[in-house]
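Working notes, structure below.
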Amino acid sequence: MSDTVKKFGLFAGVGALILLTGVLQSWNSALLILNMGLISAVMALGVNLQWGFAGLFNVGVMGFVALGGLATVLVSTDPVPGAWSSGGVRIVLGLILGAATVVLAALAHRRMAKGKTRAVVVLAILVVGFFLYRGVFDPGVAGVEAINPAAAGNLGGLGLPVLLAWPVGGVLAAGVAWIIGKTALGLRSDYLAIATLGIAEIIIAVMKNEDWLARGVKNVIGLPRPVPYEVDLQASSAFVERAAGLGLDPTTASTLWVKLLYAGLFTVVLLILLWMAQRALHSPWGRMMRAIRDNEVAAEAMGKDVTRRHLQVFILGSAVCGIAGAMMTTLDGQLTPGTYQPLRFTFLIWVMVIVGGSGNNLGAVLGGFLIWFLWVQVEPMGLWLMQTITSNMADGSALKSHLIDSAAHMRLLTMGVILLLVLRFSPRGLIPEK
Amino acid sequence: MELLNAFVVLSNFVLIPAIAYGSQLALGALGVTLIYGILRFSNFAHGDTMAFGTMVVVLVTWLFQSWGINLGPLPTALLALPFGIAGCAALVLLTDRMVYRFYRVQKAKPVILVIVSMGVMFIMNGLVRFIIGPDDQQFADGERFIVSVRTFKKLTGLDEGLAIRTTQGITVVTAVIVVAVLFWFLNRTRTGKSMRAYSDNEDLALLSGINPERVVLYTWLIVAALATVAGTLYGLDKTFKPFTFFQLLLPIFAAAIVGGLGSPLGAIAGGFVIAFSEVTVTYAWKKVLGYALPEGLEPTGLVQLLSTDYKFAVSFVILLVVLLFRPTGLFKGKSV
């Protein structure tokens, strides 16, 4: 019973922190924190699935989140006229050729007898395949990127409703996770960590440089939204009247209303995923996963296929991260590959899971909200702290201005300190696994 | 003559940069591999340790420059290096005392230590950004070139020039000295031998009276020195930016794993393998081939296998291939 009270208390505490932000700062920033907190909670659920359930050390979260964002662009934007005829087909053909080369090389490697001939054949397939691929692929890219480069220059999307992008983001992330898992999951835990770290960097590099895909660092802006636009709300007389009835001016009311709608959508997704994760945890499957995590050898002796289960949970967790990534890009209304940084999108999620309580879904959700709140609020707090410290110093002194300017970097420091403190004094997190 | 020109171009754009970059990676990978061998975990904070040491060097360099102290043609940073090493050593020893020792005594699983090192990474990263800011910092001074393009052309009469920057020369010379001293230490001195013994078999080493805390202390000191030297050389050669150092983590780990984690010799080999592959795969070969191939066969395109932005992909693919086909690395490393 006291356990339930503790959980309730912790969640109420985080809720109170967000409400306090609303009262003291503005409701706008409170809702911003809430929305990103919901998304962070979903990401933390995904990482918890991999680390908490199965003990897989995935530090490539950023890559899967970015793939979700990519899915939003590919699903929801309108197709660029002429892009498919002027090179899109060639691009797809080139990609198929590239994939076929890899598959052929892998097949040759598996089927042929070990020896020098095999090495030569595999190498030959790879080299010839690479040049074929470049030969078909490059003109296609040039064709697509030549179309109105200032505003488009990419293939564009399918023009479908943006909400559809969320599950598609999950599927895209799951597909890439399958490829990665097939090659890297046999590795030891810290090798897997390095491998996933590298894959995330590669995914970001691809998104930054392949302009035909989603315009690269030129960014895609103005993505369609699942909720009404503020301008339209302000123009609607019914809305203005209702806002006036609540004593709000139409501008504030419209921004708040839009954010509330987003919060509603995100809450639905979070609740569904949380429910599924809880069911999984308390099912025979969940018990098996934890058994594998705690003792792989024993689980294998009991006839469990460890590699397959690892692959399964790796794909599921990555898919959840992909969904969260699609939600985040939808909320931002733009895809900016340049802003994906491992500290923010991989390691911060890890802090959330560890602080919340790895192996416990509710813990991961709590960690998502709490750490996101701190991530946002440490900056103003740091600024306040620095101003207090420097209040006695002379105005215009170099040290004073340096300290105040550097306050923004307090957040990384704080996150590290929080992570280390939790690991040391409460290694199982705020809501420990049962 | 044509072939000679091709070779000069090749040296200028591929061989020399790759050798310099490889030396920097090798020094970084040596630090990672030593921690893995002795303390038995992958240190995610290594990139930021390098950044911290380099930051101290940069600050001391600026101080010296403001005092008007310099080394003439050599960069002042060399003079500041010992201070950087001392600062970095103080930081890592403090971290070890306050963070890692607790888990070492508990004999925590390696993966827990990796997560702990993630926390340390956050703190060091924050610290560096807090002190020096997230931007690019220039601290190289002294003579820019050992051999400049113009003098080379005048000397040899070739069409193509060859430039060797001072920083590249210093990188290679320093790396050779540091590696020589390190191997002498590991193979000849009592402490070095006890470190290797501890790395090979912890229980046996403890049994024969080796003091583990002393081994750990020396390891951190060496790692701090290696990290600072590697970071400073990289910073002199390219530029100092905290985020770039964090990103170096990937090629450094790739180098250490490719060579075989825990094997110092492997770390050096791995560093050069990664550096040479990165540079060759992302270099546009048009000019070299233009000289090397007979008339009429010159390539029309750039002959660049991958764009420069995919250099991470290169280290990663090599890493994956080595892990799949030879999981203990080129030189037999350990697999805990």
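Positions of Cβ are set from backbone N, Cα and C atoms, glycine also.
Now, the feature entries from TrEMBL:
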type     : residues  : note
TRANSMEM : A:7-24    : transmembrane segment
TRANSMEM : A:30-49   : transmembrane segment
TRANSMEM : A:56-75   : transmembrane segment
TRANSMEM : A:87-107  : transmembrane segment
TRANSMEM : A:119-137 : transmembrane segment
TRANSMEM : A:157-179 : transmembrane segment
TRANSMEM : A:191-207 : transmembrane segment
TRANSMEM : A:256-277 : transmembrane segment
TRANSMEM : A:311-328 : transmembrane segment
TRANSMEM : A:348-376 : transmembrane segment
Cβ pairs under 8 Å between the transmembrane segment (A:157-179) and the transmembrane segment (A:87-107), at least three:
no
Apart from its near flanks, which chain residues at least 6 from the ends of the transmembrane segment (A:311-328) lie with a Cβ under 8 angstroms of it?
36, 39-40, 42-43, 45-50, 53-54, 56, 58, 61, 64-69, 71-72, 165-174, 176-178, 180-182, 185, 265-266, 269, 273, 289, 349
Report, as numbers and ranges, every residue of the chain located at least six residues beyond the transmembrane segment (A:30-49) whose Cβ falls under 8 Å of a Cβ in that stretch; write 'none' if there are none.
18-19, 21-22, 58, 61, 64-65, 256, 259-260, 262-263, 266-267, 269-270, 273-274, 277, 280, 313, 316-321, 323-325, 327-328, 331, 349-350, 352-353, 356, 358-361, 363-365, 367-369, 371-373, 376-377
Leading contact stretch, A:7-24, A:56-75, A:87-107, A:256-277, A:348-376 vs the transmembrane segment (A:119-137) - CB distance under 8 Å:
A:87-107
Same-chain Cβ contacts of the transmembrane segment (A:256-277) under 8 Å, 6 or more residues past its ends?
27-28, 31-32, 34-35, 38-39, 41-42, 45, 48-49, 163, 166, 226-230, 233, 239, 248, 320, 323, 327, 331, 361-362, 365
Looking only at residues six or more beyond either end of the transmembrane segment (A:7-24), which have a C-beta under 8 A from one in the stretch?
30-31, 33-34, 37, 362, 366, 369-370, 373, 377, 430-431
Chain residues outside the transmembrane segment (A:348-376) and at least six past its termini with a C-beta under 8 angstroms from it:
7, 10-11, 14, 17-18, 21, 29, 32-33, 36-38, 40-45, 47-48, 51-53, 59, 61, 270, 274, 277-278, 281, 290, 321, 411, 414-415, 418-419, 422-423, 428-434
